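Enquirer: Handing you a structure now.
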Amino acid sequence: MLIFGPINYPLCPFQVHSSGLIEDHAIEALEVDFANKYLGGGALHRGCVQEEIRFMINPELIAGMLFLPSMADNEAIEIVGAERFSDYTGYASSFRFSGDYVDKRSVDFLGRRKTRIVAIDALCSPRMKQYKLKYLIRETNKAFCGFLDQSKYSQYKRIFKMNSVQLNEGSSLPIKAKGESRTEEVRKSDEKSWRLEDCENYIGIATGNWGCGAFGGDPEVKTIIQWLAASQALRPFISYYTFGLEALQSLAQVTQWIILQKWNVGDLWDILIEYSSQKLRGEADVGFFAWLLPSLPK
């Protein structure tokens with residue numbers, strides 16, 4: 001799987017939803033499964049959080065648990081066409097079946113429901129190590145693997161070859177700092193053609209607090225990581241469901257401010273690295289949002 005280094009594309013539009021669910025997203029999108037490295041996690045045992053709930057309401061997903069091995073750090077799993085059969089209420093111990101669900105999503109030319117689910121596994125209980133460069137790269141590359149449109153894989157390889165970057169299919173390349181040399185005309189041409197493709201398909205990312213909750217990740221950092229990955233994968237938008245998480249109550253304000261700065265992927269990556277470095281040195285005692293915008297209400 002191709003692993004990316006910033007090519008400095010613009011950040012994609014970011015939509016914040018303080019209520020609602022990923023699976024109810026109105027526009028066709030790649031819906032993120034906050035996965036265990038073993039697909040399905042505890043779906044056939046006692047697990048009942050985001051991934052397991054998705055496997056209960058779209059039970060065809062369970063078949064994947066029989067055939068798919070654990071994911072490596074540079075792997076993701078995409079499943080297309082799983083039909084939803086159930087409604088529900090609650091989460092974890094409060095989860096309850098609440099009736100039948102009639103899936104009205106349209107079908108593609110193969111007769112599959114236009115439901116696209118991507119499973120990506122985050123670091124589990126990362127604590128302070130999540131701020132180390134090695135693990136920031138791991139999480140960003142993991143999200144990028146899930147968000148990348150495979151039809152564009154060869155185009156990504158061509159971009160890297162033009163910059164004399166040797167890709168090793170079996171290894172993860174570290175994210176490079178901004179300032180890579182490249183042919184500007186080719187970059188603009190590829191960006192334009194890919195954006196046109198995405199406008200036609202308009203398949204963005206529907207996600208939420210990936211790697212947080214039971215996995216214990218920093219929700220502010222994980223949000224930025226997913227935005228970077230979605231933008232680099234040239235997705236036309238990211239729709240983020242906060243599930244009412246208090247730590248993300250200022251998310252819309254922060255993302256709007258970042259967009260106004262006209263930062264690109266490389267700019268935001270560098271800023272995230274600087275914050276994380278200060279966090280590790282004990283120089284930042286607030287979350288990323290408050291560090292970036294000290295004027296945010298406490």
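Glycine is treated like the rest: Cβ placed from N, Cα and C.
The annotation domain 'PARG catalytic Macro' is assigned in TrEMBL to 9-249. Positions annotated as active site by TrEMBL: Asp33, Glu51, Glu52. Feature annotation from TrEMBL assigns substrate binding site to Asn36, Gln50, Tyr91.
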Enquirer: On a count of neighbouring CB atoms within 10 A, which of the active-site residues Asp33, Glu51, Glu52 is highest?
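Expert: The residue with the densest Cβ neighbourhood is Asp33.
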Enquirer: Other than its own, how many Cβ atoms are within 10 Å of the Cβ belonging to Asn36 (substrate binding site)?
Expert: 22
Enquirer: I'd like the Cβ neighbour count for Gln50 (substrate binding site), meaning other Cβ atoms within 10 Å of its Cβ, all protein chains included.
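Expert: If we count other Cβ atoms within 10 Å of Gln50 (substrate binding site), we arrive at 26.
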Enquirer: Can you tell me how far the Cα of Asn36 (substrate binding site) sits from the Cα of Glu51 (active site), in Å?
Expert: 8
Enquirer: Within 10 Å of Asp33 (active site) (Cα to Cα), which of the recorded positions Gln50, Glu52, Tyr91 do you find?
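Expert: Among Gln50, Glu52, Tyr91, the ones whose Cα sits within 10 Å of that of Asp33 (active site) are Gln50, Glu52.
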Enquirer: Could you check what DSSP calls Asp33 (active site) once collapsed to helix, strand or coil?
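Expert: Reduced to three states, the DSSP call for Asp33 (active site) is strand.
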Enquirer: So the record assigns Asn36, Gln50, Tyr91 to substrate. If I measure every Cα pair among those residues, what is the longest distance in angstrom, as a whole number?
Expert: 17
Enquirer: Per DSSP, to which secondary structure element type does Glu51 (active site) belong, with helix, strand and coil as the options?
Expert: helix
